[in-house]
Amino acid sequence: MTLLTTWPESGPETVVRRTSDPAEIAAALAPLGVRYEQWPVRADVPADADSDTVFAAYGPEIDRLNAEEGFTTVDVLGLHPSDDPEYPVKAKAARAKFLQEHTHDDDDEVRFFVSGSGIFYLHVNGEVHAVYCEKGDLLGVPRGTTHWFDMGTRPAFTAIRFFHEEDGWIGSFTGSTIASRFPDYDTIHAGHVGSAA
């Protein structure tokens, strides 16, 4: 279940908002220019599906979003626990790349979760909004929005990424250490999954 938690940027001691209601999440994010919607989940798509399988399953949704937003490049990014001895190294490097606060000057950051989960932290208007996204969630973060993404210490997700530019993901890092002051993916995931049980 998707979860939105909002705190003051000063720290996570006070929770301003916490909701799993999709309509409330969309309404809270819309004034920030953030697009949130849920797409139908394709039960026949394996968690670690390859790009061709994902594109075939979500073709109509991808085409609709490309037509609405003018995206020119779409790809699939996935990372899943494995017995490969390189997995821990790859997972750590992938997590570190996105975990520091950054912006995108030339493109929005739009992701659809085919499987698994991850958290986008949006640092906007004096608040930090942690959006715990999971299978079926589409999140569009407008260019220029300060944010970071945490996939956890054992990433397990597949996501469709949408770009206006062929260069793909290019982050402009702020140098802020704010991400270290807020609960990380592992902490939020453990509490969220535990509370849903």
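Including glycine, each Cβ sits where the backbone N, Cα and C put it.
What Swiss-Prot lists as site 'May play a role in metal incorporation in vivo' is Glu101. Glu101 (site 'May play a role in metal incorporation in vivo') carries neither a helix nor a strand DSSP state and counts as coil. Long-range Cβ proximity for Glu101 (site 'May play a role in metal incorporation in vivo'), meaning a same-chain Cβ under 8 A and a gap of 6 or more residues, is found for His123, Thr146, His147, Trp148, Phe173, Thr174, Ser176, Ile178, Ala179.
Taking all protein chains in view, 23 other C-beta atoms sit within 10 angstroms of the C-beta of His102 (Fe(2+) binding site). Residues or ranges marked as Fe(2+) binding site by Swiss-Prot on the basis of sequence analysis: His102, His104, Glu109, His147.
Residues or ranges marked as Ni(2+) binding site in Swiss-Prot (evidence: sequence analysis): His102, His104, Glu109, His147.
If you draw a 10 Å sphere around the CB of Asp107 (site 'May play a role in transmitting local conformational changes'), it holds 19 other CB atoms from the protein chains shown. Look at Asp107 (site 'May play a role in transmitting local conformational changes'): DSSP puts it in coil. Per Swiss-Prot, site 'May play a role in transmitting local conformational changes' is recorded for Asp107, and the stated evidence type is sequence analysis.
Cβ neighbour count for Arg111 (site 'Important to generate the dianion'): 20 (other Cβ atoms within 10 Å of its Cβ, all protein chains included). As annotated by Swiss-Prot, site 'Important to generate the dianion' applies to Arg111, with the evidence given as sequence analysis.
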Per-residue Cβ crowding (10 Å cut-off), top of binding-site residues His104, His147: His147
